[in-house]
Each structure stands twice: as C-alpha cells, then as structure tokens.
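The GTP binding site annotation in Swiss-Prot covers 18-24, 48-50, R264, 290-292, 330-332 and is backed by sequence analysis. Marked as IMP binding site by Swiss-Prot on the basis of sequence analysis: D19, E20, G21, K22, N46, A47, G48, H49, T133, R147, Q185, T200, R262. Positions annotated as Mg(2+) binding site by Swiss-Prot, on the basis of sequence analysis: D19, G48. Annotation comment: Swiss-Prot describes D19 as active site, proton acceptor, evidence class sequence analysis. Residues annotated as active site, proton donor in Swiss-Prot, with sequence analysis given as evidence: H49. Among the features that Swiss-Prot reports, substrate binding site is placed at T258, V259, T260, G261, R262, R263, R264.
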Amino acid sequence: MKKVVLLTCTIIVGGQWGDEGKGKIISYICDKDKPSIIARGGVGPNAGHTVNIGGKSYGIRMIPTGFPYKEAKLAIGAGVLVDPEVLLKEVEMLKDFNVKERLIVDYRCGIIEEKHKIMDRKDEHLAKEIGTTGSGCGPANVDRVLRILKQAKDIEELKEFLGDVSEEVNNALDRGENVLIEGTQGTLLSLYYGTYPYVTSKDTTASSFAADVGIGPTKVDEVIVVFKTFPTRVGAGPFPTEMSLEEAESLGIVEYGTVTGRRRRVGYFDFELARKACRLNGATQIALTGLDKYDKECYGVTEYNKLSEKAKEFINKIEEVTGVPVTIISTGPEMHQTIDLRNEL
C-alpha cells in the first residue's frame, strides 16, 4: 500500500494589488512554523518587500522575505526572473543573516539583462500608460516566450548558488518537512485575472506560484491570502474604492512603493474583490494586515478578545463575504504585534 505523507506546504498570496504586508506575515509564519525551505515564486525583481527587524527596515526584491529565519534554505524557483545585479547586492546586504550559504537559485531561472531594463523604461505604452516598474521583467518574459532568454546556468556570477529547486522542495515535502512558498505582487495584478491591461507580465495566483517552484497542486496544504485593511495600488489602472490623497493623509496612510518610490494610491476595503481573490487562489485562510490603521485602538494588540467591537465586526464581515477564516491579524509593523488564531480552526 502506498504510504500517505502528511502535506506541509503553505503558499502565501497577495489578495489585492500587492503591498499587502506579505513580508510581515511571512516573517511571522517562518518564526512560528520553522520551514526547512522558503521558496520564492512570482515574476521577478519588479516587486519589492519590506521586512522590519528590531527597528531596522530591509527593502528586498529577489531574496525570499523569510530570510530572518536562519534555519531555512532560501530558494528562487525556475519561474522567477533573476536580475543578477540586484540579487548579488541583496546577498551582500543580508550577509549577517547567512543568506549566501543558504541560497539556491534554480538553474532554469530566466535572466534580466540591461537591455531588458532599457526597453522597459523606454517603451511609452509600458512606462506611461501601464506604469511599469522599469525592472525589465516584461521584456525578459517576451524573450522567454521566444526561447532566446538566458538562464541562470549561463551566468558565471551565479554558479555557486545554482540548484534544482523543484527537487529540493519535493524532497523536503516527502520527508514531511514544512515548506513555505512566497508569492509576490497581488491577485489583482495577474496577467489573466487582474485589471487588464494594467497588470504584470504573468499570472500571480497560488497555482502559478506552485508551478514557479516546481510542485504539483496536490502537494499544497494551505493557501493563505493576505489582505490589508486599506488596499493600495502603484501605477495606473482601475481602483473602484479609491479615496483622495487628502482622505488617505487624514487616516495617516502615506506609503511609497519599495521599487519605484512612487506614492501609493489608497482605497477602502473591497469585500467583493476579496471574495473573488479567495476563489481564484483557493484560499484556506486569510491574513489581515493594518488593523491598527483601521482602528488605532488595535495597535499592538496580541489577543483577539482585546480587539475593539469595530475591528471584530470588520473581520466578521470579511469571513462572511469570502467564506474563509481570518486566522492571522497584524496590529503593527513588528513581528510580535500579531494575533494568531490558526490553532483555533
């Protein structure tokens, strides 16, 4: 009889237009669940993540955001585009976290070259109408489709990091180890399901992130979709619940993109889009960030029963509309400012 192995694979997905606070949630889960591998899916260095540790902020674009947990291998899946310059700078920046010794870059990763970045920034349609980050991902993906894109195995500077991420991840799952897969950007930026044409250059849902790191759908145990109480968006495109900059400032919400430095547009929570995002990703759980911005009384609260009634009603409505439990709640930027209800499922 075939032995049944308990699945221990979790995918983290953004449920809006990116910048939902996935970095904070990933850091928290890594600290609590202690995965053996943290694997990054997604497009490439067009998405930035901010990780706050002990009052210090790290803005990263290539290395998995779970890097503070030093016991895990850090993997970049074959579906991810790699900018060697950005990657090597981050390896150096994060040397205190032993990133160099833990990093595995799949040898099949596509490579972004300078020509791709130049094309991205000079293309009037992409730069002005769509609002691209200028990181070269779109043009590089074009070359990938044409089968002329270089791969990581062709780049001398990456030789020491090369490996087979699919094998690493599947072997870890076969051993019953925890594996965390990081998605980037957000569901509503998906090339297929987002606000086309104001989208990124590939799909950004859970199924694509699984494919990016080389695992099949039956290996996935949990899909945690991350929402923030006041969604934001960088660049052009529809934003049904958008508020004015003045309204955002009155709420104390002034944010800038990690990659572009552009001011983020801010809106009110869209329950219907949240429902759709949960469906598209097959969400099993929801992580909610920025509850302290929704209600300042919730700042730093670590127990659910100490939240305000206003906050509880908001959480209950999210669960009712989406049909998915809210299990992780962030009440501040630091890792310990978190309510974890996963054991109550």
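Count begins at 1; order follows the chain as displayed.
Quick reminder: no glycine exception, Cβ is built from N, Cα and C everywhere.
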- [ ] Count the other Cβ atoms sitting within 10 Å of the Cβ of Q185 (IMP binding site), across every protein chain shown.
- [x] 25
Task: Distance check against G18 (GTP binding site) for the binding-site residues N46, G48, Q185, G261, R262, keeping those with Cα within 10 Å - done: G48, Q185
- [ ] Please compare the recorded positions K24, H49, R263 by how many other CB atoms fall within 10 Å of each one's CB, and tell me which has the fewest.
- [x] R263
- [ ] Can you tell me which binding-site residues out of G261, R262, R263, R264, L291 are within 10 A of the residue listed as 'active site, proton donor' by Cα, answering none if there aren't any?
- [x] none
- [ ] Please state how far apart, in Å and to a whole number, the two most distant Cα atoms are among D19, E20, G21, K22, N46, A47, G48, H49, T133, R147, Q185, T200, R262, the recorded IMP-binding residues.
- [x] 35
Open item on the list: I'd like the Cβ neighbour count for T133 (IMP binding site), meaning other Cβ atoms within 10 Å of its Cβ, all protein chains included.
Closed with: 27
- [ ] Quick one: pull the CA-CA distance for K24 (GTP binding site) versus Q185 (IMP binding site), whole Å only.
- [x] 14
Open item on the list: Checking the contact step here: among the binding-site residues D19, G261, R262, R263, R264, which have a Cα within 10 Å of the Cα of T50 (GTP binding site)?
Closed with: D19
Task: Minimum Cα separation from T331 (GTP binding site), reported as the residue among binding-site residues D19, G48, Q185, G261 that achieves it - done: D19
- [ ] Sorry to bug you, but what's the C-alpha spacing from G21 (GTP binding site) to Q185 (IMP binding site), rounded to the closest Å?
- [x] 10
Task: Alpha-carbon distance [G21 (GTP binding site); R262 (IMP binding site)] in Å - done: 17
